[in-house]
Amino acid sequence: METLQGLLLWMLLSVGGVWASRGPLRPLCRPINATLAAEKEACPICITFTTSICAGYCPSMVRVMPAALPAIPQPVCTYRELRFASIRLPGCPPGVDPMVSFPVALSCHCGPCQIKTTDCGVFRDQPLACAPQASSSSKDPPSQPLTSTSTPTPGASRRSSHPLPIKTS
């Protein structure tokens, strides 16, 4: 009986291990919906909006003896194709451009982190939101429709593959 239980436990653990490493617990790099925040210092209202960003698992390796060999570049989930969209911030004073542009992921891939165009930092536990304002007019800002401003750009990577606030001055 113990042999049968041991065999059953071994089968469950081996199948479970394969499922966990390739299944839904670690989704591969792909576009996902994310909520971002846009604000300008001169405009009184911060807007949150939903766009698609690149996120997910990219296979990687860490050397067992890192001092003996050079570091291996770790792939990150980043844009393969993207387009840009814009939103209008309400309440901006005259002379301040109320438009804010942001990337929309069309497709993603695992590739090297390009520090010039991508936030290569750590994953954020909490979604970013608008900074607290002293004025009560900034509470519960209205959601703004998205407007496309350009065509898809193959191979371009302009912004972070992690949710970031879009803040311009």
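Cβ atoms here come from the backbone N, Cα and C positions, even for glycine.
When Swiss-Prot is consulted, the disulfide partner of C113, picked from C108, C120, C130, turns out to be C120. Just one residue in S21, S135, S161 has O-linked glycosylation site written against it in Swiss-Prot, and it is S161. Swiss-Prot lists a disulfide bond between C77 and one candidate from C29, C130; that candidate is C29.
When the Cα atoms are compared, N33 (N-linked glycosylation site) and C113 (disulfide bond) turn out to be 21 Å apart.
Nearest in space to C110 (disulfide bond), taking C-alpha to C-alpha distance over the disulfide-bonded residues C43, C46, C77, C120, is C77. C130 (disulfide bond): 17 other CB atoms within 10 A of its CB, across all protein chains. C77 (disulfide bond) sits 6 Å from C58 (disulfide bond), taking the CA atoms of both as reference points. The disulfide-bonded residues close to C108 (disulfide bond), defined as a CA atom within 10 A of its CA, are C29 out of C29, C43, C46. Here is what falls inside 10 Å of the CA of C29 (disulfide bond) among the disulfide-bonded residues C46, C54, C92, C120, C130: C54.
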